[in-house]
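S.K.: Quick one: this structure, given as structure tokens, is what I'll be asking you about.
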Amino acid sequence: MTASTKVRVAVTQHEPVWLDLHATVDKTCRLIAEAAGNGAQLITFPECWLPGYPAWIWCRPVDMGLFTTYLKNSLSYDSEHMRRICNAAAQHKITVVLGLSERDGNSLYIGQCTIDSTGKIVMRRRKMKPTHMERTVFGESSGRSLLNVVDLPIGKVGALACWEHIQPLLKYHTMIQGEEIHVSAWPVLHPHMGGESLWGMSQEGGTGASQVYALESASFVLLTTAVLGPTCVKKMNLSPPWDTLGGGASAVIAPDGRRLTEPLPANEEGFVYADLDLDMILTCRHFVDACGHYSRPDLLWLGVDTREKTQHRPEGQADNAAYGLDVPSGLVEEEGA
């Protein structure tokens, strides 16, 4: 844990410039500067903030024109756009947890990364399993994405996206890395409308999952959402219920599950600020430490394979490595070798 027990955070509740990478990067840098100017040491962004969540996928199964536009406006790590964001973090000496549609070649992934206050990318991951219609746009991750918690001067910061918060094994692996501040990234979250719509995709469901995560992990949870306005409805030709305006539900949740912040209006852009007292984590984990004294590893334990599985492997490695099995000594190069 950081030597200082007080951390000021800025949780965004803003609207991206939909399907416009350059303009959304401009806005990202402005928000970084504003948050730092208000004393924040950490700023968080929602799922697929860059270039906005592809909400049309829930309205129709295929839209090749929009997909092509979306691909061309998704963010590559090795790009001037990413360098601008990293430079903004360094200039303003603030940690950034970013949500992005990650472009790797001609494939897309729901990505998250942490940029430290020197501008270095210290964590990058992909959503383990895109949810339902998301699979028409995004690919899956591999083992490296399980390493989603990083130790920073402000504390141990981790991140998951959307319905990863109902994946018990993934959650436990995140918690067991010693997480203290957790970024819970979502797109927009509207109040449940009744009928056949899934409660778990609603504001109540997303907020509830984030509060349960706080309880289970005894960590601070920064629930981060976007705002959906009429420009998005028009650009993506959205139909009910996805044409509903608003969707902002950003919040800061304490390690015991309570909300620490008042909500902004759902259709209003702004920051949710909070000053975290990390000593509260110690108090909560004294009662419940699910990765320590409140566990039974003699009876229940989690197996994990954090190796990255690539599309091309040297002869002799392919069969075993593809399934996460051990390979003969000397056949696997150490990462970075």
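Yeah, the Cβs are placed from backbone N, Cα and C, and that goes for glycine too.
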S.K.: If I go by Swiss-Prot, the feature region 'Disordered' sits on one of 122-148, 311-337. Which?
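M.R.: Range annotated as region 'Disordered' by Swiss-Prot: 311-337.
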S.K.: Relative to the Cβ position of Cys162 (active site, nucleophile), how many further Cβ atoms are located within 10 Å?
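M.R.: Within a 10 Å radius of the Cβ of Cys162 (active site, nucleophile) lie 25 other Cβ atoms.
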S.K.: Between Lys127 (active site) and Cys162 (active site, nucleophile), how far is it from one CA atom to the other, in Å?
M.R.: 9
S.K.: About how far apart, in whole Å, are the alpha carbons (Cα) of Glu47 (active site, proton acceptor) and Cys162 (active site, nucleophile)?
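M.R.: Rounded to the nearest whole number, the Cα-Cα distance is 7 Å.
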S.K.: With H, G and I counted as helix, E and B as strand and the rest as coil, say where DSSP puts Cys162 (active site, nucleophile).
M.R.: helix
S.K.: Including all protein chains displayed, how many Cβ atoms other than that of Glu47 (active site, proton acceptor) lie within 10 Å of its Cβ?
M.R.: 26
